Amino acid sequence: MPKDAFALTGMSWRHRFSFQRSLAELLGKRWMEAMVPCLLLVSVLTYFGVTADGFLTLDNASTLSQNFAELGLVALGMTIVLIGGGIDLSVGAVFGVVNGFALIAFRLLDWPVPLVVAAAIALGALLGSVNGVLIAYAKTRPFITTLVTLLAYRTVAEYIDTMYSPRMATTTRIDPIWDMLGAGRLAGLTTQFVLLVVVALVVHVLLSRSRWGWRITAIGSSRTSARRAGMNLPAITFSTYAVAGALAGAAGLLTASRLEQSSASTGLGMEFAVLTAVVIGGVSLAGGRGTAMRALIGALTVAAISQGLTLQAQPRPLYSAVLAVILLVFAAADLKWGKNRGKAIQKIYMAPGRFRLRASPDIYQQGGVWELNDRLTGAQAIGLGELDGPEDVVLDERGRLYCGDRRGWLWRFDGPDSPAELVARVGGHPLGLVIDKDGNIAMCVAGMGLYGITPEGQVTPLATDVKRTWYRINDDSAIRLADDLDVAADGKIYFSDASTRFDGDEYFLDLIESRPNGRLLRYDPDTGQTTVVLRNYAFPNGICVSHDGASVLINSSNLYRIDRFHLAGPKAGQLEPFAENLPGIPDNINRASDGGYWVAFAGMRTPVWDLAISMPKFRRRMVKELPFDEWLVPNLNTSCVIKITEAGQVVESLWDGQQKDHAVITSMREHDGYLYLGGLTNDRLGRIALPQHEIPARAGSERVVSAP
Amino acid sequence: MGTYKQVIVAAGVALTLALTGCTSTRNEGAAEQGAATQPAGSGGLPAIASPQEVIAKSLGAMRGKKVQMITISGDGAALTRAWKERTVLGFREVGVDFTAINANFDTQVLAQQVQTAIDQKPDALILHNADLSGLAKLIQQAQSAGIYVIVLNLGSNAQSDAYIGPNWTAMVGKLAERAAADCKAMNKKDVAIISGFASDTGSLLTVESATQVFKDQGMNLVASQPGQYDPTKANEITRTLLQQHPGLCALIGNWDGMMSGAANAVAQAGKIGQVGVYTTDSSDVACDGIAKGTVAAAVNYGGGTTMGDDAVAVTQYLLQSGVTPGASRTALFTPTQIIDKSNYQLAGSCYAAAAQ
């Protein structure tokens with residue numbers, strides 16, 4: 001169980017929850033789109049279960065399943081066409097024609113039933129292919145084309161009715177397979193329902209797992225992109241109509257075997273019921289969105305409404321009226337949802353929280369440790385003109401420098417005056433770096449996770465995800481903002497994942513939200529496993545294993561504090577304050593040669609931002625109502641480096657009075673009497689020589705001691 | 001994505017099974033109860049009984065019984081309304097729980113409604129068929145489920161407990177003879193048939209009978225088309241026929257609601273008196289036509305006047321008789337009478353049913 005650090009925020013347990021955050025995260029879920037149809041279905045079933053006497057009986061379930069199956073098959077076909085960006089209004093007419101044809105073949109022509117089945121489905125596919133040829137190859141508009149074929153096929157159905165119905169009505173033929181199709185049971189379920197389930201599974205697999213399905217979705221989402229990706233648009237579009245026709249034909253066949261009647265009205269207006277069904281299910285009329293399961297949920301809803309109203313002996317026109325209202329509401333909602341969902345989520349995704357902070361310490365005292373100085377001014381520039389955003393800097397045993405770059409590169413310098421040498425292209429912005437005893441580099445890459453690099457430049461991912469927290473709405477398995485790391489004595493790597501809600505380039509959004517979204521992770525190189533050791537930590541940033549190796553120091557950029565997480569000893573697994581209420585935003589932390597630690601302040605606290613932190617409503621309004629560039633944000637351009645003792649006492653601060661060359665300092669590393677500076681937005685690394693008294697190895701001076 | 005769907009589906013299936021599992025036993029119980037109170041085959045009355053006893057026993061056998069009427073024709077049809085009016089009245093009188101619904105000319109809906117009705121296991125079903133074979137399976141299913149089935153007007157291949165309606169062959173034959181006679185009087189020969197659906201009993205027998213009569217009478221049958229019991233469709237057919245066959249003298253069809261469309265087409269073409277419209281059934285639609293001269297003759301076969309009462313009577317008989325459903329299989333024919341200018345004003349010739 002990871003240790004929970006929520007208490008550090010100073011807020012009560014109820015602040016762990018946020019309705020806005022849950023709503024935003026729920027809206028972001030793809031399955032949320034299926035929730036509304038599911039709720040509607042449950043409501044419809046509940047409503048009729050309560051009000052329609054006999055709705056919840058086995059007999060009714062069986063009748064419902066038969067009607068549902070026939071509607072469902074057609075709805076699956078319609079879904080395929082709609083996902084591909086088309087529409088097929090002729091499905092009802094195809095259904096009617098095939099119904100008539102199947103009866104002719106069965107009763108008048110005396111064909112064997114398997115042949116009738118094959119021929120009926122083939123005829124459906126053929127009728128659908130006519131649509132396909134016209135739309136895919138002759139480039140006619142789907143709506144008008146299928147409207148025309150609807151009328152044409154309807155005429156065929158009437159012709160069949162006129163010419164053959166009288167003879168069919170007076171011919172009887174009994175066939176066990178035919179009866180099995182129409183009135184049979186398989187494992188207690190109606191044949192139609194079993195067939196629907198089988199077909200739905202096939203369609204589901206095809207749509208979600210096959211190249212054909214993906215291409216249909218691609219075409220429906222964007223024809224232009226699909227064409228540019230080299231897809232054969234006409235062939236795929238054609239196939240959707242052919243399949244829709246075949247499915248409508250299969251449904252017509254089932255109806256023929258069940259009712260054994262051919263009528264000019266068979267399938268009349270079915271396209272309306274089917275469209276309503278798929279739109280209820282959330283299949284978008286605009287194309288590119290929909291699943292087999294959704295189509296079935298919609299079809300079941302429509303079938304249940306039909307069945308429920310029939311049971312209540314309601315006048316038939318009421319059914320059409322109910323469907324019309326539902327279709328209208330859902331079509332409008334589909335449009336609004338599709339258009340505004342992303343915007344809505346964006347507006348409410350950030351749910352500002354609150355931290356209880358103490359007033360920032362006074363840093364303007366004359367002669368105090370915070371007094372402004374120019375010790376960083378005039379630092380030697382390394383890699384000027386080459387580097388862009390070296391967040392961290394690290395040196396190997398040979399004194400070679402390594403640093404990252406926001407372009408996703410890792411650089412090496414053989415010495416402070418050597419030219420830059422590209423070690424590897426990582427793909428994401430390398431942040432924290434560490435070198436193990438073999439000279440391999442481990443690094444945190446924003447948006448990607450923990451990566452390892454050999455000196456030769458071979459990149460391997462070490463940790464990109466952890467086990468998902470089951471009760472979190474947002475999937476927190478991905479390591480979204482790996483920030484800094486250090487290697488413990490046992491070889492395990494401790495690293496910070498600053499935010500589970502915002503990606504690397506949006507780190508400031510997490511600062512503005514001010515909720516404990518981060519965590520401390522541990523990578524075990526022996527097992528390759530990564531586990532969460534500390535959760536609900538507010539923006540964990542710098543990570544540093546203590547001099548004795550018994551604990552890890554963690555910088556919280558958001559709570560202006562440093563905590564000690566004990567790895568060994570009696571307090572193992574406990575979290576303890578190390579330095580609280582700092583006047584700046586602690587970024588990275590590294591060991592100093594004198595037994596203390598260097599900490600980089602990426603920026604200094606400001607009274608106005610401290611106030612903003614205590615006013616979540618203000619920040620919510622700000623992010624909702626103001627454009628991004630007018631937001632009030634934490635100060636990230638007045639940097640300094642401080643020295644802090646093992647006891648957590650700040651003993652000195654190093655400033656660049658000009659704030660020009662090192663606008664933001666996010667990291668520093670001490671090596672051989674020099675301090676190297678890195679900055680997330682800087683164009684160089686900096687190097688300053690440390691005074692002799694700060695370098696015990698050379699000067700042999702005493703360790704800086706301070707009261708606890 | 002996959003998991004939550006499976007869960008939903010599984011939950012839905014489980015819920016459905018659980019709910020249906022609980023309630024299905026209730027129906028079985030009801031069926032057993034019904035069997036217990038149902039007198040077995042005797043008709044329910046003792047050989048000698050006082051009038052008070054007769055009332056008590058017979059009504060007792062019917063009270064609370066469930067009867068449902070399902071018609072293919074919609075509430076827009078006077079025939080449907082008249083049936084409903086009479087059956088509601090009749091069944092209320094004897095304490096039967098009666099409901100009437102219709103499929104508004106949609107055969108698929110009719111099948112769904114009948115299937116649904118059977119699922120609810122009423123004691124009797126009164127059906128108005130759309131197709132000779134369409135409800136055949138369902139009628140048999142109903143009977144084997146212990147439900148009496150009475151079929152009105154349009155019969156089925158599957159024999160119900162009782163068919164109540166006209167002898168279509170004789171009735172249409174009589175009407176066709178009248179049309180042929182009128183044509184001969186005008187020295188014309190071209191005649192046409194507009195049937196209802198292609199495959200319902202009335203239409204099949206209308207086409208068969210009229211065709212035979214016209215042939216026997218030396219008429220020239222120029223067209224025989226189904227009008228789907230739709231006045232608009234009949235109107236279209238008639239307009240086309242009038243253009244194609246200037247010598248047309250008679251249009252015969254098997255429902256006045258539909259043939260009113262044909263009559264309008266004749267009137268619009270200014271051919272009143274030259275082309276006669278002959279139809280079965282005699283609601284106010286037909287009689288208005290007769291009064292205006294757009295309809296030459298109609299047939300009163302009791303559809304709107306007596307058939308609803310007949311249905312109530314036969315149902316009462318079946319409910320009391322104790323006959324096993326599906327065992328009696330009888331056809332009961334109604335009287336038919338030609339209505340024209342000479343008699344349409346007489347009482348009982350025409351009927352009107354209020355809109356509901």
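Each residue's number is its place along the chain shown, starting with 1.
Cβ atoms here come from the backbone N, Cα and C positions, even for glycine.
The transmembrane segment annotation in TrEMBL covers A:34-56 (among others).
Here TrEMBL flags A:68-87 (among others) as transmembrane segment. For the transmembrane segment (A:68-87), the residues of the chain that approach it from at least six positions outside its boundaries are 95, 128, 135, 142-143, 146, 190, 192-193, 195-196, 199-200, 203, 207, 216-217, 219-221, 223, 236-237, 240-241, 243-248, 250-251, 254-255, 258, 270-271, 273-275, 277-278, 281, 283-292, 294-296, 298-300, 302-304, judged by C-beta separation under 8 angstroms.
Residues or ranges marked as transmembrane segment in TrEMBL: A:116-138 (among others).
Per TrEMBL, the feature transmembrane segment maps to A:186-207 (among others). A Cβ distance under 8 Å defines the sequence-distant neighbours of the transmembrane segment (A:186-207), meaning residues of its chain 6+ beyond its ends; these are 62, 65-66, 68-70, 72-73, 76, 79-80, 83, 180, 213, 216-217, 247, 250, 254, 258, 291-293, 296.
The transmembrane segment annotation in TrEMBL covers A:233-256 (among others).
What TrEMBL records for A:268-288 (among others) is transmembrane segment. Outside the transmembrane segment (A:268-288) by six or more residues, the chain places 33-34, 36-37, 40, 71-72, 74-75, 78-79, 82-93, 95-96, 150, 154, 217-222, 294-299, 301-302, 306, 320, 323-324, 326-327, 330-331, 334-335, 338 with a CB less than 8 A from a CB of the stretch.
According to TrEMBL, the feature transmembrane segment maps to A:318-337 (among others). Among residues of the same chain six or more beyond the transmembrane segment (A:318-337), those with a C-beta under 8 A of the stretch's C-beta atoms are 33, 36, 269, 272-273, 275-276, 279-280, 282, 284-286, 302, 305-306, 309-310.
Marked as domain 'Strictosidine synthase conserved region' by TrEMBL: A:483-569. Model confidence over the domain 'Strictosidine synthase conserved region' (A:483-569) stands at 94, taken as the mean pLDDT rounded to a whole number.
For the domain 'Strictosidine synthase conserved region' (A:483-569), the DSSP-based tally of helix, strand and coil residues reads 10 helix, 44 strand, 33 coil.
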